[in-house]
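Peer 1: So TrEMBL says this about it:
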BINDING   Ser204, Asn236, Leu301  Na(+) binding site
COMPBIAS  507-535  compositional bias 'Basic and acidic residues'
COMPBIAS  540-553  compositional bias 'Polar residues'
DISULFID  Cys76-Cys85  disulfide bond
SIGNAL    1-17  signal peptide
TRANSMEM  40-64  transmembrane segment
TRANSMEM  121-142  transmembrane segment
TRANSMEM  154-181  transmembrane segment
TRANSMEM  201-218  transmembrane segment
TRANSMEM  230-255  transmembrane segment
TRANSMEM  289-310  transmembrane segment
TRANSMEM  331-357  transmembrane segment
TRANSMEM  363-384  transmembrane segment
TRANSMEM  404-428  transmembrane segment
TRANSMEM  440-463  transmembrane segment
Amino acid sequence: MLVFCGIPLFFLELSFGQFTSLGCLGVWKVSPMFKGVGYGMMVVSTYIGIYYNVVICIAFYYFFMSMTNLLPWTYCNNPWNTPDCTGIVNRTKRTSPSEEYWRNYVLNISDGIGNFGEVRLPILGCLAVSWVVVFLCLIRGVKSSGKVVYFTATFPYVVLTILFIRGITLEGAISGIKYYLTPQWEKILDAKVWGDAASQIFYSLGCAWGGLITMASYNKFHNNCFRDSIIISVTNCGTSVYAGFVIFSILGFMANHLGVDVSEVADHGPGLAFVAYPEALTLLPISPLWSLLFFFMLILLGLGTQFCLLETLVTAVVDEIGTDWIIKNKTYVTLGVAIVGFLLGVPLTTRAGIYWLLLMDNYAASFSLVVISCIMCICIMYVYGHKNYFKDVEMMLGFPPPLFFRICWKYVSPFIITFILIFTVIQYKPITYNDYVYPSWSLIIGFAMALSSVICIPIYALFKIAVSEGSTFLERLKNSVKPDPDWGPALQEHRKGRYATTGPESVEVRPLKEELKDEGKEKLKEKETEKKDEIGLTIPGSNGSTLNPTPSA
């Protein structure tokens, strides 16, 4: 999945954004009829940005609650505990202190998705803190977030290494690692497994969110984004594997301590981050210290991804409106997006919030990501033309895309994506949360969220055909897919070859929109060079991490 889909699509999006220096909406000058793909990316980023920051705020809450001598989820003698709570495993039924802390105290979870109940004020406060932190880090756009990311991208490796060294020295760690590395061959034909693998690749690498295109647009025109895509993709997935060793070494120790199999303590989703692993930390000496490190790491990983999501939305808004006021006051746009994101996240802080969070996670940005990527490949390779795009990449990098990537872009990646999508639909199973089965009306809402991003593509295509010039439908269709006259490199000095005589004499460059544009060409060029020297490529990584390669000269 990584080799034939992840890395090729990653390189495609980086080169796409870098070639034009435009965000996820502006790049569709390549074929204006497909601009709906950009709007679909914005919708996906909006959904993810809303619920992702709620996950970060819960990590903030656990971080604050770890500032104590005794972790509050260690024992069963608390007001929120039930008679079923026990620290000793029962193979038929077990309610751990950490699980009851999560369900009865942190979430105070209701009996169903339709029963919202009251807002959990501590979670709401942490959500406000999370959005304030994200806004402050993006107050000057990527110029400020690029510097923050140097810390948020590197420090988690320090924490991972500390936890890994501590984990492998514990008794039973080997059994946890063996469980982690042992494949379950009976699940290899399960379409859900491959669908989850595709979702993991798309989530960890950030494909189809619009963030890769947006951040790559800040690169210098001749930056070697091919090298970046290889390094980032491999490092990202290597980090995921490394994190697995950290997690399962601790879970192995926990299973050994409780005298059960690792499979009985392993969990997934929120249960792993906020139930299983925190419970394992209570068994360690100086448990509050390890808890602080673990949740601080989760916060940094989440913030790195949230920076990218918010910047994608802000950049798309600024690019689309494009007035002098909006360009000069981009900070207000960032503030507005942050406030709207906070307000839309408030329902997820209610007692039914976890149900809605999982619904958004499973539907809002699952199969829509693969659909968007597939259509993007088809547009660039078959509508714009693979030969044209290969020449564009060669003009930018100095060499054409390697044969392997050309084959993947044209045939392999779209085929794999389509295959996974079809079998995922065939073997579809409704979402559940523990023993709770979601009602039909909530699943309809989930499908509506999933379709809301994909439906942008045909709606905008029909609109573009309708407003295009031509006396017949076929003429309008042809005109709607033709590249815009402004398509190509942003700076005039880079518009060579077939771009030399096309487009206006000077082309607006998005990275300069934070500056006044009514200056001479030399001043413009000087500012662009100065600004891009300070910008790093921010890429969402494994489980929300970010990687920031050294910018090329």
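Backbone N, Cα and C define each Cβ position, glycine as well.
These figures come from a predicted structure and were not determined experimentally.
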Peer 1: Should the transmembrane segment (289-310) and the transmembrane segment (40-64) be scored as in contact, given a threshold of at least 3 Cβ pairs under 8 Å and pairs 6 or more apart?
Peer 2: yes
Peer 1: Measuring Cα to Cα, how many Å separate Leu301 (Na(+) binding site) from Cys85 (disulfide bond)?
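Peer 2: Rounded to a whole number, the Cα-Cα distance is 32 Å.
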Peer 1: What stretch, picked from 40-64, 121-142, 154-181, 363-384, 440-463, has the most CB pairs under 8 A with the transmembrane segment (201-218)?
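Peer 2: Between the stretches 40-64, 121-142, 154-181, 363-384, 440-463, 363-384 has the largest tally.
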Peer 1: Residues of the same chain, at least six outside the transmembrane segment (230-255), with any C-beta under 8 angstroms of its C-beta?
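Peer 2: Here the qualifying positions are 2, 6-7, 10-11, 157, 160, 163-164, 167-168, 170-180, 200, 204-205, 261-262, 264-266, 272, 276-277, 279-281, 283, 537, 539, 541-543, 545, 547, 549.
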Peer 1: So which residues does the transmembrane segment (40-64) touch in its own chain, when a touch means Cβ under 8 Å and the partner is 6 or more beyond its ends?
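Peer 2: That would be 24-25, 106, 122-123, 126-127, 129-131, 134, 208-211, 213, 270, 273-274, 278, 291-292, 295-296, 298-299, 302-303, 305-306, 309-310, 312-313, 316, 341-342, 344-345, 348-349, 353, 356-357, 360-361, 364-365, 368-369, 372, 449, 452-454, 456-457, 544.
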Peer 1: Relative to the Cβ position of Asn236 (Na(+) binding site), how many further Cβ atoms are located within 10 Å?
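Peer 2: A count of 25.
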Peer 1: Taking a Cβ cut-off under 8 Å, which residues six or more beyond the ends of the transmembrane segment (404-428) line up next to it in the same chain?
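Peer 2: Counting only partners 6 or more residues beyond its ends, the transmembrane segment (404-428) has Cβ contacts under 8 Å with 1, 4-5, 8-9, 11-12, 190-192, 194-195, 198, 367, 370-371, 373-374, 377-378, 380-382, 386, 390.
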Peer 1: Grab the same-chain neighbours of the transmembrane segment (363-384) for me: Cβ-Cβ under 8 Å, and only residues 6 or more beyond its ends, written as numbers and ranges.
Peer 2: 9, 12-13, 16, 30-31, 34, 37, 40-41, 44, 47-48, 51, 195, 198-199, 202-203, 207-209, 409-410, 413-414, 417-418, 420-421, 424-425, 431, 446-447, 449-451, 453-454, 457, 481, 483
Peer 1: For the recorded positions listed here (Cys85, Leu301), tell me which residue's CB has the most neighbouring CB atoms inside 10 Å.
Peer 2: Leu301
